[in-house]
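Accompanying notes for the structure given below.
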Amino acid sequence: MSIFPAQPSDKKAVEEGAAFMPRFDASGLITAIVTDARDGELLMVAHMNEEALRLTLETGIAHYWSRSRKTLWKKGETSGNLQSVVELRTDCDQDALWLKVHVAGDGPTCHTGRRSCFYRQVVSSGGKVALTMVSDHDQ
């Protein structure tokens, strides 16, 4: 049984109401966009299932659902770079979340050791598309 109420057919209640009614997709997931609460840097995009969202709300520490490992994932549990949630928002139809976080430890969010998972820029030139590295300082 879900702790979150089902979305009503009344679109206005979803878009303008005060009830938090997250809309999970057919796989039981909701997209989570994560930014640094201090400077707004985009850190990562992940997914949450109902349990991950519930634990995030209960503990104030970001939890996600790993689609590749098919398991619950407390971000930073192994590295020490836990994500403390400062603010949690939802979009207009409540099918995406935005987490503003403080990252503990030395700050990397990406499993590659970088601050952000978005460390490459897509560049199109002369009919060719390539990736170029973006330094952590440029992010």
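Cβ coordinates are placed from backbone N, Cα and C, and glycine is handled just like the others.
What Swiss-Prot says about this protein:
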BINDING   ASP91, ASP93, ASP95  Mg(2+) binding site
BINDING   CYS92, CYS110, CYS117  Zn(2+) binding site
Inset, instruction - Indicate the candidate from CYS92, CYS110, CYS117 with the smallest number of other Cβ atoms within 10 Å of its Cβ, considering only these binding-site residues. - result: CYS92
Inset, instruction - Let me know the most crowded of the binding-site residues, choosing from ASP91, ASP93, ASP95 and counting other Cβ atoms within 10 Å. - result: ASP95
Legend entry - Integer Å distance between the CA atoms belonging to CYS110 (Zn(2+) binding site) and ASP91 (Mg(2+) binding site): 24
Legend entry - DSSP state at CYS92 (Zn(2+) binding site), helix/strand/coil: coil
Legend entry - Length of the line joining the Cα atoms of ASP93 (Mg(2+) binding site) and CYS117 (Zn(2+) binding site), in Å: 26
Legend entry - Reduced DSSP assignment, CYS110 (Zn(2+) binding site): coil
Inset, instruction - Note the Cβ centroid of ASP91, ASP93, ASP95, the recorded Mg(2+) site, then list each other residue of that chain whose Cβ lies within 8 Å of it, in sequence. - result: ARG23, THR90, CYS92, GLN94, ALA96
Inset, instruction - Can you grab the distance from ASP95 (Mg(2+) binding site) over to CYS117 (Zn(2+) binding site)? Cα atoms, rounded to a whole Å. - result: 22
